[in-house]
Amino acid sequence: MKNLKGIFSALLVSFNEDGSINEKGLRQIIRHNIDKMKVDGLYVGGSTGENFMLSTEEKKQIFRIAKDEAKDQVALIAQVGSVNLKEAVELGKYATELGYDSLSAVTPFYYKFSFPEIKHYYETIIAETGNNMIVYSIPFLTGVNIGVEQFGELYKNPKVLGVKFTAGDFYLLERLRKAYPEKLVWAGFDEMMVPAASLGVHGAIGSTFNVNGLRARQIFELTQAGQVKEALEIQHVTNDLIEGILANGLYLTIKEILKLQGVDAGYCREPMTAKATEAQLVRAKELYEQFLK
Ligand code: NGF
C-alpha cells in the first residue's frame with residue numbers, strides 16, 4: 001500500500017454533452033492533477049466525481065481509466081459507498097482487483113440507518129473485499145452524524161484506516177484525534193485547511209485541488225511546520241477563490257477553469273446543470289485570471 005497521507009484531489013470527471021463519460025478529458029484531468037498540481041493521490045468516485053448520479057458500469061469505467069492513467073504514480077483511493085450495499089461490495093471488489101490502495105465509503109444515507117446497520121455496512125464491504133477502508137463522513141449532505149464512541153466501534157476493525165472528515169465540527173475532530181491518535185484523518189473542506197491541519201489531520205481530500213492544488217499543499221505544509229500565520233495568508237487567498245467558485249457553481253466552475261488551462265474537463269452530469277451560462281463562463285475566466293494564471 002502506498003503512503004496515503006498528503007494532498008489528494010477529489011477527482012472531477014469530464015462528461016460529454018449527452019452525459020456520457022469523456023474518457024480523453026478524464027485522462028487529461030488525471031494528468032493535470034499528477035503533473036501540474038503535484039498531488040500525492042486521487043480520491044476517485046467521490047462527490048466531486050458526480051458519483052451518485054452514475055450507473056455501476058460507469059463507476060467501474062472511471063475506476064479503470066483512473067488506474068490505467070495514473071498507474072503507480074500516485075496513491076489511489078476508490079469511493080465505493082452506495083445505499084445499495086451489493087453495489088458497494090461489487091465496486092469494492094472491482095477497485096481492489098485494479099490495485100487501489102484503499103477503499104472509502106460514504107456513510108449510507110437517505111434512510112435513517114441505525115448505527116448497527118452502518119457498522120454492518122462497513123464490516124461487509126471490508127470482509128468481502130479484504131481491502132482497507134476510509135469512512136467518508138459528510139454529514140451536511142448525508143444527514144448522518146457519527147459520534148466519538150461510534151467511530152471507536154468502527155475503528156475496532158484494523159482495516160478501517162480512518163475518516164475523510166468533511167465537516168466544520170472542530171470539537172469532534174479534536175476529540176477523534178485525542179481518542180484515536182493512530183487512526184488517520186483527511187480534511188474534506190478545502191476552505192478550512194488551516195484549522196484542520198492545526199488539529200493534526202494527516203491529509204486533505206478536496207475538489208478545488210484540481211485547480212488550486214499547489215496552494216493547498218503550501219497551506220498544509222506550512223501549518224504542519226507551525227507557520228500558521230503564513231499558512232493563513234495563503235488560506236485567505238484560497239478562500240477568496242473558493243468563495244467565488246461556490247457562488248458560481250462548484251464543479252461547473254472548476255471544470256471551466258480547467259478548460260482555460262487546456263484540459264477538456266467537459267460538462268457536468270444531469271440533473272446537475274450540465275453547461276455553464278455565458279455569465280458563469282465570464283466569472284470562471286475572471287477567477288482564473290485573478291487567482292490561478
Ligand atoms: O464537494 C464537496 C461536497 N466537498 C469537497 C470534498 O470534501 C469532496 C470539498 O473539496 C470530496 O472529497 C469528494 O469528492 O467526495 C468542497 O468541494 C470544497 O471544500 C468547497 O466547499 O460538498
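Cβ atoms are placed via backbone N, Cα and C, with glycine included.
Thr166 is the residue from Thr166, Thr238, Thr253 that TrEMBL records in the aceneuramate site together with Ser47, Thr48, Gly188, Asp190, Glu191, Ser207. Just so you know, of the binding-site residues Asp190, Glu191, the Cβ with the fewest other Cβ atoms around it within 10 Å is the one at Glu191.
Sequence-distant neighbours of Thr166 (aceneuramate binding site): residues of the same chain at least 6 apart with a C-beta under 8 Å from its C-beta are Tyr136, Ser137, Ile138, Phe140, Leu141, Gly188, Phe189. Geometry remark: Asp190 (aceneuramate binding site) versus Ile205 (pyruvate binding site), CA distance 8 Å.
Note: the aceneuramate site is recorded as Ser47, Thr48, Thr166, Gly188, Asp190, Glu191, Ser207; in the same chain, Ala10, Phe189, Ile205, Gly206, Thr208 also have Cβ atoms within 8 Å of that site's Cβ centroid.
Calculated from their C-alpha atoms, the gap between Ile205 (pyruvate binding site) and Ser47 (aceneuramate binding site) amounts to 11 Å.
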